[in-house]
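Undergrad: Could you have a look at this structure, given as structure tokens, before my questions?
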Amino acid sequence: MSAEAFDPNPTLGALLVGTLAGAVTTVQAYIYHTRFPDDHWMIKATVAFIWAAEASHVGAVSHTLYTLLVTDYGHPEALLARPPRSIIGYIFITVTVAVTVQIFFSYRIYVLSKSRIIPYITYALSFVRFVLGVSLFSVGLSVKSVTEFGTKWQWLGVTMWSLSAAEDVTITATLVFLLWRQRGKVHKSTTAFLDKIIMWAIETGLMTCSLSLITVILFHRRPNDFIWIAFSTIEARMFSNSLLASLNSRHVLRELREGGSKNGGVLSLTNTNYMRPTYAPGPPTISVEVHTTHDVERDLDSDSSMRKGSAY
């Protein structure tokens with residue numbers, strides 16, 4: 001690649017845009033820890049792990065940009081000759097973040113449905129995707145150029161991102177179906193509460209699935225530039241923020257729930273067991289009235305003597 005033919009927009013520019021989006025994850029993590037300090041330790045650990053992975057992701061991308069823009073400044077051919085190994089590192093981090101988030105949403109399906117069929121399917125897809133990600137990371141460390149990586153191991157990347165898109169569709173469709181089925185079991189005033197959750201599930205599922213499909217297409221059609229890596233970088237941000245946003249939105253859902261509870265039952269989805277459906281109509285009010293009767297027996301002679309004695 002000559003200096004005259006080098007176009008930084010689909011390469012370095014795309015990486016830079018993906019890195020800047022990492023600040024959103026930090027803001028979301030801060031909001032979570034300030035609003036929900038009493039959450040279960042497993043939820044807190046998941047959020048901490050996601051944030052640490054995103055911080056490592058930003059560090060790896062920053063190393064790549066520093067190497068290409070400072071260390072190899074004036075030599076754009078180095079971009080495709082032997083790129084920094086940190087590029088392969090943040091591909092692995094992206095897979096780790098995506099699999100963690102997909103397992104989180106798969107558990108939601110189990111909590112809502114009490115059925116293990118769909119969760120086991122999505123768990124299996126997550127496991128296969130993680131294995132493919134580790135394999136892609138391993139072979140990426142040994143390749144000599146981006147061209148070799150995109151040509152020789154293209155099938156591996158296409159399979160991995162295709163599985164990710166299929167899993168996103170499965171999780172989203174199942175969540176929407178389960179939530180929609182609950183609409184007939186709650187009070188009419190609570191349907192707005194459910195509709196909000198359904199809308200968020202569709203939006204997050206569409207974003208992550210779309211990014212996986214775009215990455216597959218770009219990796220297949222343009223394996224020799226970094227634009228597919230940039231979309232993979234943004235994909236990690238979308239997965240992490242979908243999890244954090246779903247946790248942080250509980251204060252909005254709580255307000256909707258409290259509004260619906262005034263008119264009857266409510267679907268409880270805002271506690272630490274988020275997405276656990278418990279239709280709880282208000283308990284019947286039992287009024288108990290107690291009447292106390294005191295029986296007093298008096299000795300008339302004794303009473304008369306006491307009255308006489310009181311005159312002295």
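Even glycines carry a Cβ here, placed using N, Cα and C.
Below are the features I grabbed from TrEMBL:
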DOMAIN    164-251  domain 'DUF6534'
TRANSMEM  12-33  transmembrane segment
TRANSMEM  45-67  transmembrane segment
TRANSMEM  87-105  transmembrane segment
TRANSMEM  117-141  transmembrane segment
TRANSMEM  161-180  transmembrane segment
TRANSMEM  200-220  transmembrane segment
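Can you walk me through where each of these features ends up in the structure?
TA: Mean pLDDT across the domain 'DUF6534' (164-251) comes to 84 in this model.
Outside the transmembrane segment (12-33), and at least 6 residues removed from its termini, the chain residues within Cβ reach (under 8 Å) are 44, 47, 50-51, 54-55, 57-58, 61-62, 64-65, 68-69, 226-227, 229-231, 233-234, 237, 240-241, 244-245, 247-248.
Among residues of the same chain six or more beyond the transmembrane segment (87-105), those with a C-beta under 8 A of the stretch's C-beta atoms are 46, 49-50, 53-54, 56-57, 60-61, 64, 122-123, 125-126, 129-130, 132-134, 136-137, 140-141, 160, 164, 167-168, 171, 175, 208, 226, 229, 232-233, 235-236, 239-240, 242-243.
The list of residues near the transmembrane segment (117-141) in space but at least 6 beyond its ends in sequence, with Cβ under 8 angstroms from a Cβ of it, reads 85, 87-89, 91-92, 94-96, 98-99, 102-103, 105-107, 109-110, 149, 152-153, 156-157, 159-160, 163-164, 166-167, 170-171, 174.
The list of residues near the transmembrane segment (161-180) in space but at least 6 beyond its ends in sequence, with Cβ under 8 angstroms from a Cβ of it, reads 98, 102, 105-106, 108-109, 112-113, 118, 121-122, 125-126, 128-129, 132, 194, 197-198, 201-202, 204-206, 208-209, 212-213, 215-216, 219.
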Undergrad: So what's near the transmembrane segment (45-67) in sequence-distant terms, Cβ-Cβ under 8 Å and 6+ beyond its ends?
TA: 12, 15-16, 18-19, 22, 25-26, 29, 32-33, 83-84, 86-87, 89-90, 93-94, 96-97, 100-101, 104, 233, 236-237, 240, 243-244, 247
Undergrad: With helix taken as DSSP H, G or I, strand as E or B and everything else coil, how many residues of the domain 'DUF6534' (164-251) land in each class?
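TA: Tallying H, G and I as helix, E and B as strand, the rest coil: 80 helix, 0 strand, 8 coil.
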